[in-house]
Amino acid sequence: MEILEKSLDKVRTPTPSDRIYKDECFFSFDTPESPGGLFICLNRFLGFGEDYVHDYIKKSGLSLFLRLRRTKSKKDKGPTATKVSRLAIGEPGGFTPDTLLEETNTVVLIKDGELHEFPATDPNLPLAIQMSVNGIVCGNSAFKQRELEREGNRWDGEVLNVSKFANDLKQCDSPVQLPHQGWKCEKCDLTCNLWLNLTSGATLCGRKNFDGSGGNNHAVEYYQETKYPLAVKLGTVTKDGKADVYSYPEDNMVLNPNLKEHLAHFGLKVELLDKTDKSMVEMEIDMNQRIGEWATLTESGSKLTPVFGPGFTGLQSLDFQLCRLTHGMISGKYSRKPAESNINELDADDSQPGIRPTIFKDIIGKSHPDFSGSQQQDAQMFFLHLLTVLERKSNLEFPGHCLQFEVEDRIECGATGRVKYINRIEDYLPFPIPMEASINQPDVDAYLARKEGRSCVKTFSTEEVVLDFHSSALNGESTFAKKTMRLKTFPDYLFIQMKKFDADPVTHQPYKLNVEVLMPDEIDLSCLKAKGGLQPGEVELEDSPSSRENKNTIVPDDAIVSQLASMGFSFEGCKKAVIYTKNSGVEAAMNWVMEHMEDSDFNEPMKEEGDGSASNEFVPSEESIATVMSMGFSATQAKHVLKKTDGNVERAVEWIFSHPDEMNEANNPAPSKKPLTDGPSKYSLQACISHMGTSHLVGHYVCHIRKDDSQWVIFNDNKVALSENPPKTLAYLYLYKRI
């Protein structure tokens, strides 16, 4: 113990303001489950793997650590397994892992390259070390603390809001007195899935599910007739006054703090009620555990062969720090066979260490309204955001260049026949799904509709009619237009998105189309080749300067944008809707969203029309530049921020403090852009990403990657195995490579 005394002056006990990085190494993906464990500095509380701890000692002079090590063993489930009661993973009542973790913690002093190790529970350790160790072990990790601060929703959507109707709900004056059991729908003979309307006391059955189960929609029809807002599901009321309460106007499950009083109005005492029916969460769990999509996407019915090594590393979550991700996934260090990775052989067919890169999201998602929180995120939107950040921050060749291609939009004025061509760069190709082109129409109403991939290509290439088109050829008068989209170039790799997510035209709530799309292993898109601008005999439709000026001067109402975004649409798309409808209200903006949500640039930032934006044409005064430079910024940064704020120095100062990252980027000259690649239009399928869940706001993603001509590999979190039946018909995103 004497050797520890010399380092006690640098030992600290973590305070509430300290971040304890005890989940993974700062520079790699080593965790306490790695063979060498994780070393936590007893001064700065930073975590390092075996490969990096010695470098840290050289640079910091700190040499005292808590070494965390965990080993896995198979859990004995016993004769009865715990029933899953909520849609969560690794939490009480949720889907629990099948393994037990055994922890071994030691205090380590590294001196002259030699490790001096002591049990962390040794009572003879100096008090300062004991207090520091206890604070690290008992305190929340930095990642856990960040989650708590975000107050993000779990993926099961259990975080509910109090209904705005709960406190002022009007109930009928002469209420019916209901029994505490033996209920039946007033319009049919159903005795389960019953909902009690809290205004009138009507007992009616719930919605019919996609597979034919559930009710006969009588409760919904009753609301449409009466507009009575709240209903509680009978059979879900517990003795502590909790139950499933649904708000029809809010179109969501809600909390009702006055439920006891509302039930008592109809003679129902919660202490006399028993839970006899499944909650909505339990029903969704049952549905997910039995429906074909979940089983198909995860290949749960097959005995899969696990694979390990370089290129076969699984992700434990969708958080990854880009720099470490490449090494973590390609090196194979975290994709080892169980014997090498301290996992009991009983787990050999199930998992690998994988990587849990939790720092990435804070970097990539920072300041983004959709990705800075912990809610479920749409994979395609996240991918586009990632490409945007990489392109903006990269001083080298943009890695997403191989995906980019040029699109040509042809817009023809319906009244005059004049034509305008607009060229833009895209990173993916959105394919609409033609519901009328189903190849098994009789089964569409039951559960799945199957589409031919070629029908999606045909729908994409079909001429679209745009209503309420303000034509410059008619001095801005309203008419209609015909719009087609073609590809001017074909990239080396082509990302295709199936437009599986839509929004209800009445409630505007997002939902997912339950369809299968028969995408081919090889596809020829030559039918989408653009002709290349104005053709012989066509008359050009010129831009209207006045309309461009009006659009560029509109400042969107933040309240309307926020209300639209809360419905699940992207922030940029909502912003466009409010601008194009001139702040005329939520309803008008929502109508615009419904008409344009399938536009390929719907989620992209709004671009000003014309040869150059106002900010690019503006030249700040030398006096303003000198004022900003006096604050310590370069001339390049000063010009950049003054262009952003139209030369207003006061606004420029505010902008600097709210956009520190962009100020740093302004100093770095943007790399010269390479010309887009172009070549043959034939592609072969290389990978697909599938989504499980009812909308992009909830669910889970699984990836399948083709490793050679015939072998596919499934990546389901940190479970990586050879795929027997890749669900190519159910995917959401497809990656094709040029043949």
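Any Cβ shown, glycine's included, is placed from N, Cα and C.
Taken verbatim from TrEMBL:
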type	residues	note
DOMAIN	161-270	domain 'UBP-type'
BINDING	Cys185, Cys188, Cys205, His218	Zn(2+) binding site
BINDING	Trp195, Arg207, Lys208, Asn209, Phe210, Tyr246, Tyr248, Asp251	substrate binding site
DOMAIN	313-739	domain 'USP'
DOMAIN	555-596	domain 'UBA'
DOMAIN	619-659	domain 'UBA'
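What TrEMBL annotates, mapped onto the structure for a quick look.
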residue: Cys185; record: Zn(2+) binding site; contacts (Cβ under 8 Å, 6+ apart): Thr191, Leu194, Thr203, Leu204, Cys205, Gly215, Asn216, His218
residue: Cys188; record: Zn(2+) binding site; contacts (Cβ under 8 Å, 6+ apart): Cys205, Asn216, His218
residue: Trp195; record: substrate binding site; contacts (Cβ under 8 Å, 6+ apart): Thr203, Leu204, Cys205, Gly206, Ala219, Ala231, Val232, Lys233, Leu234, Tyr246
residue: Arg207; record: substrate binding site; contacts (Cβ under 8 Å, 6+ apart): Gly214, Gly215, Asn217, Ala219, Val220
residue: Lys208; record: substrate binding site; contacts (Cβ under 8 Å, 6+ apart): Gly214, Gly215, Asn216, Asn217
residue: Tyr248; record: substrate binding site; contacts (Cβ under 8 Å, 6+ apart): Val220, Tyr223, Lys227, Pro229, Leu230, Ala231
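Cβ proximity to the Zn(2+) site centre (mean Cβ of Cys185, Cys188, Cys205, His218, cutoff 8 Å) flags the following additional same-chain residues: Glu186, Lys187, Asp189, Leu190, Leu194, Leu204, Gly215, Asn216, Ala219.
The most densely surrounded of the binding-site residues Cys205, His218, Asp251 is Cys205 (count of other Cβ atoms within 10 A of its Cβ). Under DSSP, the residues of the domain 'UBA' (555-596) split into helix, strand and coil as follows: 29 helix, 0 strand, 13 coil.
Summarising model confidence by region, the domain 'USP' (313-739) averages a pLDDT of 75. According to DSSP, Tyr246 (substrate binding site) sits within a strand segment.
Each residue in the domain 'UBP-type' (161-270) gets a DSSP state, and the totals come to 16 helix, 21 strand, 73 coil.
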